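Visitor: Could you have a look at this structure, given as structure tokens, before my questions?
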Amino acid sequence: MSTTGQIIRCKAAVAWEAGKPLVIEEVEVAPPQKHEVRIKILFTSLCHTDVYFWEAKGQTPLFPRIFGHEAGGIVESVGEGVTDLQPGDHVLPIFTGECGECRHCHSEESNMCDLLRINTERGGMIHDGESRFSINGKPIYHFLGTSTFSEYTVVHSGQVAKINPDAPLDKVCIVSCGLSTGLGATLNVAKPKKGQSVAIFGLGAVGLGAAEGARIAGASRIIGVDFNSKRFDQAKEFGVTECVNPKDHDKPIQQVIAEMTDGGVDRSVECTGSVQAMIQAFECVHDGWGVAVLVGVPSKDDAFKTHPMNFLNERTLKGTFFGNYKPKTDIPGVVEKYMNKELELEKFITHTVPFSEINKAFDYMLKGESIRCIITMGA
């Protein structure tokens with residue numbers, strides 16, 4: 001029986017309040033409206049961003065809410081005006097979008113869509129501001145326009161990347177956020193040449209994605225920098241050739257790296273959000289050609305300073321959002337990198353849990369035990 005145009009009742013993991021375990025509830029998911037797509041989610045994974053907003057320590061809490069933004073699924077139905085997607089398509093919902101009409105979308109240099117740029121405070125859909133989720137008639141808020149901790153979700157079509165139907169969704173679902181953020185920061189923004197050296201600041205999931213990018217690019221040395229030495233053995237699996245813990249040195253880490261590399265690395269990628277690490281990442285690149293890329297998100301009031309001579313000596317500092325990938329245009333190509341065995345995804349997946357045990361995924365991340373935990377829907 002077709003569910004097109006009908007309300008679908010399904011299970012979702014609802015966050016009723018900040019920091020409390022998610023509760024599996026039966027929710028009603030309304031049909032997609034104009035420029036929207038309803039997706040059956042098959043696999044989702046937990047990102048640190050989900051945990052950050054679930055804890056709600058640094059922002060206005062918005063509850064009850066359905067979190068989740070790294071996922072893979074199949075289109076169930078499409079709303080009015082959707083022409084590039086149809087039922088049965090294999091897709092990745094993305095936390096940011098590509099309307100295809102704004103100046104950013106028309107620019108080859110930008111992926112910062114005016115309409116669908118990431119918005120953490122919006123609890124409804126762009127079309128009408130309303131939620132497509134409800135329990136007993138009461139709305140449940142969306143998260144990042146994706147809300148993938150639900151067996152069915154409704155997403156703006158501009159936030160949906162159509163991918164190769166042969167790609168295993170339980171693997172490629174992790175491409176839709178953190179991994180691509182790090183990978184693209186290296187491949188698309190830092191752009192190391194084969195044989196060059198790259199320093200990665202922060203060896204969490206995003207930093208390991210950046211290291212994977214350096215490995216794919218053919219970097220000869222990939223130097224990982226982290227305060228947690230327990231991460232070093234794992235980092236070697238991602239192509240990191242040597243690791244440095246700033247706590248082990250009595251001089252600034254940028255000086256340590258400069259001494260290790262005859263004047264500085266060719267490229268650096270900062271993945272922590274620490275202002276101190278941003279300064280270090282910039283000042284550790286070689287003069288004349290060095291490029292540093294900032295990925296980590298700082299606190300709201302943060303600022304940093306560095307001597308202008310660092311720029312005049314031809315060091316370059318760049319920032320990036322989502323690895324400079326346009327969601328609909330570029331993410332299918334990242335999936336193809338996996339399909340042709342250029343990109344290795346399995347090593348990022350450390351745990352798998354059934355949907356009924358989704359809170360275990362939060363435990364693994366809070367304890368620092370996981371890179372990515374796959375949550376199998378319908379299990």
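A Cβ is built for glycine as well, from the same backbone N, Cα and C atoms used for every other residue.
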Visitor: For the Zn(2+) 1 site that Swiss-Prot assigns to Cys47, Asp50, His69, Glu70, which of the candidates Cys113, Cys177, Cys243 is also assigned?
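Guide: Same Zn(2+) 1 site in Swiss-Prot: Cys177.
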Visitor: Would you mind telling me which one of Ser107, Ser131, Ser229, Ser356 Swiss-Prot calls phosphoserine?
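Guide: Cross-referencing Ser107, Ser131, Ser229, Ser356 with Swiss-Prot, phosphoserine lands on Ser229.
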Visitor: Name the one residue among Cys99, Ser229, Val297 whose Cα is closest in three-dimensional space to that of Thr49 (alcohol binding site); these are the recorded positions.
Guide: Val297
Visitor: Quick check: in three-state DSSP terms, what is Thr272 (NAD(+) binding site)?
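Guide: Reduced to three states, the DSSP call for Thr272 (NAD(+) binding site) is coil.
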Visitor: Other than Cys99, Cys102, Cys105, Cys113, which residues of the chain come within 8 Å of the Zn(2+) 2 site, judged by Cβ distance to the Cβ centroid of those residues?
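Guide: Nearby residues not in the site list: Gly97, Glu98, Gly100, Glu101, Arg103, His104, His106, Asp114, Leu115, Leu116, Gly158.
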Visitor: Rounded to an integer, what is the Cα-Cα distance in Å between His69 (Zn(2+) 1 binding site) and Phe322 (NAD(+) binding site)?
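Guide: That comes out at 13 Å between the alpha carbons.
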Visitor: Which whole-number value in Å describes the distance between the Cα atoms of Phe322 (NAD(+) binding site) and Ser2 (N-acetylserine)?
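Guide: Between the alpha carbons of Phe322 (NAD(+) binding site) and Ser2 (N-acetylserine) there are 36 Å.
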Visitor: Under a criterion of Cβ-Cβ distance under 8 Å and sequence separation of at least 6, what residues of the same chain contact Asp50 (Zn(2+) 1 binding site)?
Guide: Phe67, Gly68, His69, Phe143
